[in-house]
Amino acid sequence: MKIGHQFHTVALVGRSNTPGIAEPLASLAACIAKRGFEVVFEADTAQAIGSAGYPALTPAEIGARAGVAVVLGGDGTMLGMGRQLAPYKTPLIGINHGRLGFITDIPASDMREVVPMMLAGSYEREERTLLEARIVRNGEPIYHALAFNDVVVNRSGFSGMAELRVSVDGRFMYNQRSDGLIVATPTGSTAYALSSQGPILHPQLQGIVLVPIAPHALSNRPIVLPDDSKIAIQIIGGRDVNVNFDMQSFTALELNDTIEVRRSKHTVPFLHPVGYSYYATLRKKLHWNEHPSSEEDDDA
């Protein structure tokens, strides 16, 4: 068993527009408070579902006051909160109340048993990489954002191919005609990048993966770069091209705009139950080993 820091103040975050989220959040809050932890709610969550008298805090206030944030929802909820809390180095515990749940790895049915043990110090910790990106237009930055999974440059549904000029560390790599380009972290390698035939990167691998989306030339293949690479993507052709960050914020692009992407100085601490296995997560979520010749241990 790995014993880490024991927490005092615990922030609860839920996907507030999800039907049926109020009851499990209230149940978890009562369970945690009964064991002597101070419970606070993220403000939007509290407003949407009611916080039963618990303090309601903004993400910045959570970062300053809470020792850990427990997120009940899907991966999208975890991504959004991870970006907001990254500057404060607040650890996240993810409880899956969505569908796939690559990064919300605790089943909701187990949360009342597992979460109190983790808050008491029984957990495994890992750091996840973030990307930071900015859009440069006519030599001036016009937009800045963080991305936990990926930065995606792509065309709209009814326009032709995008034409992109890609450079790494100031060196020209290629011009590409495609539906777009994904720049993904190891965490994001199992998201949109995976569906575009990109490789899976272990979360502790120090790399950034570039994955073309439906490239015109089949020789345009995914490539894994060192995680200290500075990537520049210039729009040199095409109409209705945009960029999104974790599929949660979007910006329209113009001809000659450049998207500059690099590893962020921030990381996001994830806390997992003792015995957590990334490979078990892959087996379960990707349906590997569906018909095994022999059963393997979950922690293999």
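We count from 1, first residue shown onward.
The backbone N, Cα and C atoms fix where each Cβ goes, and this holds for glycine too.
Copied over from Swiss-Prot, here are the features:
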BINDING   ASP75, GLY76, ASN149, ASP150, ARG177, ASP179, THR190, ALA191, TYR192, ALA193, LEU194, SER195, ALA214, GLN248  NAD(+) binding site
ACT_SITE  ASP75  active site, proton acceptor
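Of all the binding-site residues listed here (ASN149, THR190), it is THR190 whose C-beta has the fewest other C-beta atoms within 10 angstroms. The sparsest Cβ neighbourhood within 10 Å, among the listed binding-site residues (LEU194, ALA214), is found at ALA214. ASP75 (NAD(+) binding site): 24 other CB atoms within 10 A of its CB, across all protein chains.
Pairwise Cα distances among ASP75, GLY76, ASN149, ASP150, ARG177, ASP179, THR190, ALA191, TYR192, ALA193, LEU194, SER195, ALA214, GLN248, the recorded NAD(+)-binding residues, top out at 31 Å.
Minimal Cβ crowding within 10 Å, among the binding-site residues ARG177, TYR192, is found at ARG177. When secondary structure is read from DSSP and collapsed to three states, ALA214 (NAD(+) binding site) falls in the coil class. In three-state terms derived from DSSP, ARG177 (NAD(+) binding site) belongs to an extended strand segment.
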